[in-house]
Amino acid sequence: MDLFSSIISPEFLLLAMVVGVVSGFVKGVVGFAMPTIFISGLSSFLSPELALAGLILPTVVTNGIQALRQGARAAWTSLTHYKLFLSVGAVVLVLSAQLVTVIPSNILYLAIGLPVAVFTAVQLLGWNPTLARRDSRIEAAVGAFAGFVAGLSGIWGPPTVLYLTAVNTPKKEQMRVQGVVFGLGALMLLAAHLQSGVLRMETLPFSAILIIPAIFGIWLGFKVQDRIDQATFRKVTSWVLLLAGLNLIRRGLMG
């Protein structure tokens, strides 16, 4: 405990581990939303910088587990299957990151949150549009949009999940693809914050200890996810996506 006493009290460390279990559980069920839950939960009682440091290593590890759950070959197949989406997104991410000081973050949160919330709300009301699975133009366009908002805000989840849901991706494949996409993003986040100093000698042990509850949570979530069918998975995904969209709208309105 002395290892953490300079940055966090025992009570707050216990609370942080509870947040880790909850975020891991949700990720295990639907394959995303861990950073959102982590940052919202931890920043309610920790500084934003420490909250960000805390989520980095658990996010890297759990995305790796999710991506490799059916083996390395399946993960590689998903990587090559969605290479257009990933490559376009990566290029646009690098370019849009240069605009970070130009576009106000609250405008960006609203621009992402509003369409995500509206689209998922109408889905939950019974309208379930689908896209042509291998339409390269749509895949490239959505990849560009996801990369654009990721470069500006670090948020790549909602556009990616929205696309995978719209093309009616099978449950196991969607979970795996999300693990691959978000895992690559998490590695970029890790590299960026080793450079920025957010993840350093003082905060690294805190992030490392949160790997344990996050893994326990995702294990529990996988148990639930394995028992639900495609229709239920899609509905649960839509609910979590709706909450993510509403949270982005809240952040945008609060400035």
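Each Cβ is built from the backbone N, Cα and C atoms, and glycine gets one as well.
Below 8 angstroms of C-beta separation, residues 1, 4, 45-46, 51, 54-55, 58-59, 62, 66, 157, 160-161, 174-175, 178-179, 182, 206, 209-210, 212-225, 228, 233, 236-237, 240, 243-244, 247 of the same chain, each at least six residues beyond the ends of the transmembrane segment (12-38), sit close to that stretch. Annotation source TrEMBL lists transmembrane segment at 12-38 (among others).
The transmembrane segment annotation in TrEMBL covers 80-101 (among others). Within its own chain, the transmembrane segment (80-101) has Cβ neighbours under 8 Å at 136, 139-140, 142-144, 146-152, 156, 163, 177, 180-181, 184, counting only residues six or more beyond its boundaries.
Marked as transmembrane segment by TrEMBL: 107-126 (among others). Here the transmembrane segment (107-126) has long-range neighbours at 149, 152-153, 155, 158-159, 162, 165, 235, 238-239, 241-242, 244-253, meaning same-chain residues at least 6 beyond its ends whose C-beta is under 8 angstroms from one of its own.
According to TrEMBL, the feature transmembrane segment maps to 138-157 (among others). Tertiary neighbourhood of the transmembrane segment (138-157): same-chain residues 32-33, 35-36, 82, 84-100, 103, 105, 108-109, 111-112, 131-132, 163, 181-182, 185, 189, 244, 248, selected by CB-CB distance under 8 Å and a gap of 6+ residues from either end.
Outside the transmembrane segment (177-194) by six or more residues, the chain places 31-32, 52-53, 56-57, 59-60, 63-69, 75, 78-79, 81-82, 85-86, 90, 150, 154, 156-157, 160-161, 164, 169 with a CB less than 8 A from a CB of the stretch. Under the heading transmembrane segment, TrEMBL lists 177-194 (among others).
Within the chain, the transmembrane segment (206-224) has long-range Cβ neighbours (under 8 A, six or more residues past its boundaries) at 4, 7-8, 13, 16-18, 20-29, 34, 50, 53-59, 61-62, 65-66, 69, 199. The feature transmembrane segment is assigned by TrEMBL to 206-224 (among others).
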